[in-house]
């Protein structure tokens, strides 16, 4: 019995000590609990900023319950004088302290963070330096960091460096702690589909999985919005072509309250306005010095020093890039391995400035690879242009060749008699040393469709046997200087393209009459002169050519060009005209009969006074001259070195499609332009471009409204 009582006393003492310990340790435990909960809250706050999945909300709710209990204990526990209540609170504090310590020690939040954490900024490949854009980058960044600035639009032409600039901004966010939780990059492009934009944003936020994939655009927008509204974010949208509705995507609109930022690039200033940007930033082409620095970096010092003439030629090539970074990069990289003067001159050489597209070697090689059925039929297409050939290259299988280009080489003689039953295209132009072509060379080319022998200044004659080629399919035939006789060109009845320009021995009037027999001619470039001085031979009469699409007239000694059929449809297909070095011509009124003309370039014509003469217009047409309104489809008008030019047209024209009216140089008497305040208002922005400030200052505008309309948008051709 005594033993039983002793055991009871011991157990009661232990029980009492435990309870006394709860009460005695209550202040200490409560302080420890408060400290532990602060640590736990710090972890909670850190994770809260980075975790986007809704499952995390349950843990936050549990933590908030713990916090409420602590506050209640702090308020009630110490105030109670009841042993029972003090014991009860003391025990609760001790238990909760262990729970909090257990939560922290188990690393619950670390696991969550590891599973849901996304990088603040997604790093992207980028150039180490941005030649010529440092100032622009600093300006954009400072504006973005300015308090209250929340949405930015960068606009500029394609290839000017907008994407590069935005990539640099993305990089600066990774290097600078601006307090942003996440930076998102989305490439939008022409197909600005809401669904695809949402997908790219969701990947950055960690919103993935089967459940997400099943949601429609509206539900996705809600999920994205619920995540982003709790965060300070940056959204970078690259290459947008139309307004992106942020609300439909689910992106909260940036404001001073949420501190978020949206920045985008576009080619259109109008898009900036539709996105709510009142003062967008224009990304312009590089200044000449910066452009030259970039081009030099791409070409490399070794190439520039490989020949004393190359630096000057390189500057000419760089100038043709007009400060466009994409062109400077691509062409600079292409020319980096060009160490001969010939290769650099080849890069500079141009024929039709407005109708040719430069193609660098990589793109050309890829195009040839594709055209040869991914390399399977590479023997069918032989391109050796501008590589310094002195003789026709050896070909293993002439029978397989369908297209061959040997243009711009050093060929002196073309000999042999290859059998080419499948050859359709042969380009031999611009071989300035070429003096002789064997008559047998063309003998076994029965399917030749395109033959270009133009710009061969040393070639003394056309092979006599070329007319013996058994073909009725020839559709393009070009010849050039000092071929002696052009008679017989009209026998090529299927001829579609004839190039005779820039000849030392130009086409005479009698030979020009044969042109009217070319019923299918579409492209014609010719030099014409008269052998006699009589005025009757100073007039060139064009036949009606309904199919012709392009005409280039060079070194024309005629004083006047007429047409046989004086109706508005006799040149109904003509779209492009170039007039150059035609010192006798005083007007080009015959263009009234080209209703579909889109491009007109007139240059180096010392006597040219009018493009369309009012006096001539009244006499040259069988129709009422007032009914024929010229240049309704004209898109580009370029004038240069026309010292006597006074008028383009005698009254203002609507120019519904004209986008560029360029007066380049040496047109001092052209004071009045055929423009009024309503010209070019049909949807296309009409811009007047000029080469000389003095000319622009002397323009006599139709009225004040016209001056205000066009003067503000005039652009220099050399800036």
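Positions of Cβ are set from backbone N, Cα and C atoms, glycine also.
What you are looking at is a predicted structure, and each value in this text was computed from that prediction instead of being measured.
For the coiled coil (25-73), the mean pLDDT of the prediction comes to 55. For 25-73, the entry in Swiss-Prot reads coiled coil.
Annotated domain 'NB-ARC' per Swiss-Prot: 114-418, in sequence order.
With a 10 A radius on its CB, residue 162 (ATP binding site) counts 23 other CB atoms from all the protein chains. Taken from Swiss-Prot, the feature ATP binding site applies to 156, 157, 158, 159, 160, 161, 162, 163.
Sequence-distant contacts of the repeat 'LRR 1' (400-421) (same chain, at least 6 residues past either end, Cβ-Cβ under 8 Å): 346, 349, 377, 379-393, 427-431, 433-438, 440-441, 443-447, 452. Per Swiss-Prot, repeat 'LRR 1' is recorded for 400-421.
For 422-444, the entry in Swiss-Prot reads repeat 'LRR 2'. Here the repeat 'LRR 2' (422-444) is broken down by DSSP into helix, strand and coil counts: 4 helix, 5 strand, 14 coil.
Taken from Swiss-Prot, the feature repeat 'LRR 3' covers 447-469.
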For the binding-site residues 156, 158, which one has its C-beta crowded by the most other C-beta atoms within 10 angstroms?
156
Per DSSP, three-state class assigned to residue 157 (ATP binding site)
coil
For the recorded ATP site formed by 156, 157, 158, 159, 160, 161, 162, 163, which further same-chain residues have Cβ atoms within 8 Å of the site's Cβ center?
265, 267, 283, 324, 325, 326
Among 157, 160 [binding-site residues], residue with fewest other Cβ within 10 Å:
157
For the binding-site residues 159, 161, which one has its C-beta crowded by the most other C-beta atoms within 10 angstroms?
161
The DSSP breakdown of the repeat 'LRR 1' (400-421) into helix, strand and coil residues is 1 helix, 5 strand, 16 coil
